[in-house]
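Participant: The structure under discussion is supplied below as structure tokens; questions concerning it will follow.
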Amino acid sequence: MKILLVFDFDNTIIDDNSDTWIVQCAPDKKLPIELQDSYQKGLWTEFMGRVFKYLGEEGVREDEMKEAMTSMPFTPGMVELFNFIRKNKDKFDCIIISDSNSVFIDWVLEAGNFHDVFDKVFTNPAAFDSNGHLTVENYHAHSCNRCPKNLCKNVVLVEFVNKQLQQGVNYTQVVYIGDGGNDLCPVTFLKKNDVAMPRKEYTLHKTLSRMSQNFEPMESSVVVWSSGMEIISHLQSLIKE
């Protein structure tokens, strides 16, 4: 019987947003106004596709992008947290569900030597095309009206848990660690035994606080964190129970 740990990536594993961080590679470290203004709500992946195309056309190469991405700092305490999970892999399964992309996450996990900590990564698939430009696609299509059209993290989580169940893996608990608005959907579907862990003072935390003030109770318990060290101490208490 294992506990399932679900991680967001941007502003959770890493202490910034990979999609905005990559703009450092652009000329003058900024995007042209018309490109900035082309973003439409809910269509972030399409917007990032245009950003990557622009970077490619400006001659930004794969190695430059990789260097920028791997210079992003991990969130405080995350390195210690991953080492703790690695030591206790018999007790935890660990997945990432992220609106970033497969290339960026792969680079970061490889640079930190953390690939072995994670059993699965669910994110928008990305690849370099024959021109050396990074391309990105939507992770899936879904019918959830609360989420951006490329990714409903709750759909991904439910599908994963059900698939594991079919293979005889039944999780005692799900612990969801995230920060953003798109982490709300999976968190509100957590069950009584589960734990929602929003990053302190980030969107998810503020939204959950507002919900509890409006008497919209969550089934799961909520444990706020600002460092991976706090997550470690909570996980230690769970595996002691």
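A Cβ is built for glycine as well, from the same backbone N, Cα and C atoms used for every other residue.
Feature annotation from TrEMBL assigns Mg(2+) binding site to D8, D10, D179. Among the features that TrEMBL reports, active site, nucleophile is placed at D8. The active site, proton donor feature in TrEMBL is assigned to D10. According to TrEMBL, the feature substrate binding site maps to D19, D99.
Relative to the rest of the structure, where do these features sit?
Facilitator: Around D10 (Mg(2+) binding site), the same-chain residues six or more apart in sequence whose CB sits under 8 Å from its CB are D16, N17, S18, D19, S98, D99, S100, D179, G180, listed in sequence order.
Sequence-distant neighbours of D8 (Mg(2+) binding site) (same chain, 6+ apart, CB under 8 A from its CB) are I96, I97, S98, K153, I177, G178, D179, G180, D183.
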Participant: Using a 10 Å radius around its CB, how many other CB atoms surround D99 (substrate binding site)?
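Facilitator: So the Cβ neighbour count for D99 (substrate binding site) comes to 24.
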Participant: Going by a 10 angstroms cut-off between Cβ atoms, which of the binding-site residues D19, D179 has the sparsest surroundings?
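Facilitator: So among D19, D179, the binding-site residues given, the one with the fewest Cβ atoms within 10 Å is D19.
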